[in-house]
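Okay, structure first, notes after.
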């Protein structure tokens with residue numbers, strides 16, 4: 001497994017792979033890898049000849065400096081996991097390598113609408129940072145496919161739109177959420193939880209599933225469903241942050257013509273902001 005930290009060396013390897021006619025898959029990550037990331041890697045391996053995993057804690061997508069400072073950097077452990085998975089290439093650049101003149105004056109990519117709605121409304125600049133680094137990685141790696149987790153539902157929708165709008169010839173693969181046996185979605189943020197909070201955390205998925213059951217049963221008073229769900233989260237020990245029920249295909253409000261709904265839930269548990277989602281077919 002090659003570990004590359006600089007742009008010139010990465011370009012050299014990508015040119016070689018292209019000359020050999022290899023089909024390349026990219027799995028962009030910020031490191032602190034868990035089994036959910038490994039599921040992305042496995043999907044990439046099944047679809048391509050060569051798998052490139054990027055590990056880069058992107059400062060442009062953090063709206064709070066304290067979150068950037070405390071994000072775990074576990075490069076050695078991450079590379080050991082990826083080597084066992086027989087990943088071909090790890091791209092682990094420094095911030096200076098990606099943003100040589102800092103982030104303030106760096107050219108950015110913005111996806112109108114999707115960048116500022118829902119999750120983007122409470123995290124200004126976050127999705128602009130995501131779309132900028134992902135587009136840069138696409139230009140550098142030139143993958144045939146790229147794999148992203150469906151847990152970050154809005155992020156996946158944003159990347160799909162960016163790829164369509166910018167004409168990237170890349171297949172975007174959404175990989176289903178990987179969950180623990182108790183239903184908790186695997187996430188790097190789970191590492192912030194105390195032992196006691198780990199016992200509470202699965203309650204998020206229980207509330208999410210309760211909302212889904214109501215929608216499938218034909219309930220359509222969305223305001224009431226959301227209000228009850230928020231109350232249930234707070235009673236379980238969370239601080240409900242945002243609960244949305246949207247059209248799964250547009251992320252706009254559910255209408256009479258909506259065929260699928262996506263339930264988006266965000267809640268604080270201690271210092272960890274947990275997110276989850278579930279898609280429901282509407283009768």
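Even glycines carry a Cβ here, placed using N, Cα and C.
Swiss-Prot has this to say about the protein:
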| type | residues | note |
| --- | --- | --- |
| BINDING | 30-37, 149-152, 186-189 | ATP binding site |
| ACT_SITE | 37 | active site, proton donor |
| BINDING | 61, 155 | (R)-pantoate binding site |
| BINDING | 61 | beta-alanine binding site |
Item to check | Helix, strand or coil at residue 37 (active site, proton donor) [DSSP, three-state] | outcome: helix
Checklist outcome for this item: A correct count of other C-beta atoms within 10 Å of the C-beta of residue 188 (ATP binding site) gives 18
Item to check | Candidates 37, 61, 155 (recorded positions) with Cα within 10 Å of residue 186 (ATP binding site) | outcome: 37
Next on the checklist: For 34, 37, 151, listed as recorded positions, tell me which one has the smallest number of other Cβ atoms within 10 Å.
Outcome noted: 34
Checklist entry - In sequence order, which residues at least six apart in the same chain have a CB under 8 Å from the CB of residue 149 (ATP binding site)? => result 36, 39, 40, 156, 174, 175, 177, 178
Checklist entry - If you measure from the Cα of residue 61 ((R)-pantoate binding site), which of the binding-site residues 30, 32, 151 is the nearest? => result 30
